[in-house]
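A.B. asks: Pasting the relevant annotations from Swiss-Prot:
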type: SIGNAL; residues: 1-19; note: signal peptide
type: DOMAIN; residues: 36-222; note: domain 'GH11'
type: CARBOHYD; residues: ASN38; note: N-linked glycosylation site
type: CARBOHYD; residues: ASN94; note: N-linked glycosylation site
type: ACT_SITE; residues: GLU120; note: active site, nucleophile
type: ACT_SITE; residues: GLU209; note: active site, proton donor
Amino acid sequence: MITFSSLLVTFSAISTSLAIPGSILPKRSPMNFVLQRNESSLVRRATPNYEQDYTTGGDVIYTPSGSSFTVDWSTEDDFVVGLGWTTGSTNPINFSGTFGIGSGTALLSIYGWSENPLVEYYIVEDSASPPSFGTVKGSVTSDGSSYTIWENQRVNEPSIVGTATFNQYISVRSSPRKSGTVTVENHFQAWAALGMNLGTLNYQVLAVEGWGGEGAATQTVS
């Protein structure tokens, strides 16, 4: 789980358009992965049953319960929390709830990693004061909106395999939302069509990430 280090900028215009229809996919299994970050740690738990509250520069209170979680924060530090699956898939992800930002930068996204190649990926559904996401590669239309596709390289940064150099693949929705269905397969196919290939999927979560501000979110995931 890596934060973006670039200065905050306005999203660039879309350069390429790819439209991929949704497909009927099997339902997902129950949640079996809880993600929290305190400074640079990646923490995995088989059962979503814990609370995070750290005060280095501020407060983050994270409370998962079954397939739902709440998070309240007021901090200058980075945090990332999420709920999902130990192994990602192309199955659709349903999410519903709230995402309110008083100040600072925050993202509500589908978030995960792949290995071989090592890739960190985001499907950003809502955001506040978003940073630059790298280089615009194209776009994809899915779930009632266009998404700008970005690619970014991280050099000697923390990852799920330790300090490494890896790419980030990022889809950013043009009409933000706090609830809906994300057809993950559409994004994976659009990335692949642009030469942005994923490897073996590692964990995959609905994540709230924030830094330098305050806000609150409540989400249910399936």
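Note: Cβ is positioned from N, Cα and C throughout, glycine not excepted.
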A.B. asks: Give me the long-range Cβ neighbours of ASN94 (N-linked glycosylation site): same chain, 6+ apart, Cβ under 8 Å, in sequence order.
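C.D. replies: Long-range Cβ contacts: GLY180, THR181, VAL182, VAL221, SER222.
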A.B. asks: For the C-alpha pair, I'd like the distance in angstrom between the residue listed as 'active site, proton donor' and the residue listed as 'active site, nucleophile', rounded off.
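C.D. replies: Cα-Cα distance, the residue listed as 'active site, proton donor' to the residue listed as 'active site, nucleophile': 14 Å.
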A.B. asks: In DSSP terms, helix, strand or coil for ASN94 (N-linked glycosylation site)?
C.D. replies: strand
A.B. asks: What is the Cβ neighbour count of the residue listed as 'active site, proton donor' at a 10 Å cut-off, with all protein chains included?
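C.D. replies: Counting Cβ neighbours of the residue listed as 'active site, proton donor' within 10 Å gives 23.
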